[in-house]
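As recorded in TrEMBL:
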type	residues	note
DOMAIN	40-75	domain 'EGF-like'
DISULFID	65-74	disulfide bond
DOMAIN	130-160	domain 'EGF-like'
DISULFID	150-159	disulfide bond
């Protein structure tokens with residue numbers, strides 16, 4: 001009758017000597033430990049050679065890529081139309097690319113939503129329409145860069161400066177007020 005080794009991790013027991021024969025990726029008297037992150041192989045003697053934050057399989061050193069990366073060493077970012085683990089998922093963003101990690105659409109400035117088909121609502125602009133416009137006196141905000149297209153009679157970056165031109169004041173219907181102010 002042989003000795004009972006109480007081996008872990010599918011290690012084989014030598015019943016004569018009572019020791020465990022650790023498989024690649026495990027170590028300890030009973031093979032109770034897995035290789036620490038960054039190491040693999042027989043008694044964890046080899047260093048992983050993975051990139052972009054990937055870890056490696058402790059038994060054979062194969063790189064386990066994070067979502068958004070692929071390749072033997074996880075050296076490649078997913079192409080424009082793929083994302084996720086091993087770049088195995090396909091983007092659904094129409095003509096636009098997507099984030100290589102989570103697949104969210106990479107919409108151009110001024111657009112947002114599924115497949116980038118929604119235009120920024122009034123008062124919003126930029127990437128994902130997250131920026132607030134600062135345009136006054138009826139000015140229109142450019143949905144891409146937030147610049148203001150001033151209404152007649154106003155000027156300046158935010159259209160807050162009144163332009164005292166009788167033509168533009170008349171077009172707004174304020175000519176009597178303008179004339180009244182000028183006569184004082």
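Any Cβ shown, glycine's included, is placed from N, Cα and C.
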CB within-chain contacts under 8 A for residue 74 (disulfide bond), separation at least 6: 50, 51, 52, 53, 54, 63, 65, 66
Residues that sit under 8 angstroms from residue 159 (disulfide bond) by C-beta distance, when 6+ apart in the chain: 135, 136, 137, 138, 139, 148, 150, 151
Those disulfide-bonded residues listed as 65, 150, and which of them has the most Cβ atoms within 10 Å of its own Cβ: 65
Average model confidence [pLDDT] within the domain 'EGF-like' (130-160): 95
Number of helical, extended and coil residues in the domain 'EGF-like' (40-75), per DSSP: 3 helix, 9 strand, 24 coil
Three-state composition of the domain 'EGF-like' (130-160), taking helix and strand from DSSP: 0 helix, 8 strand, 23 coil
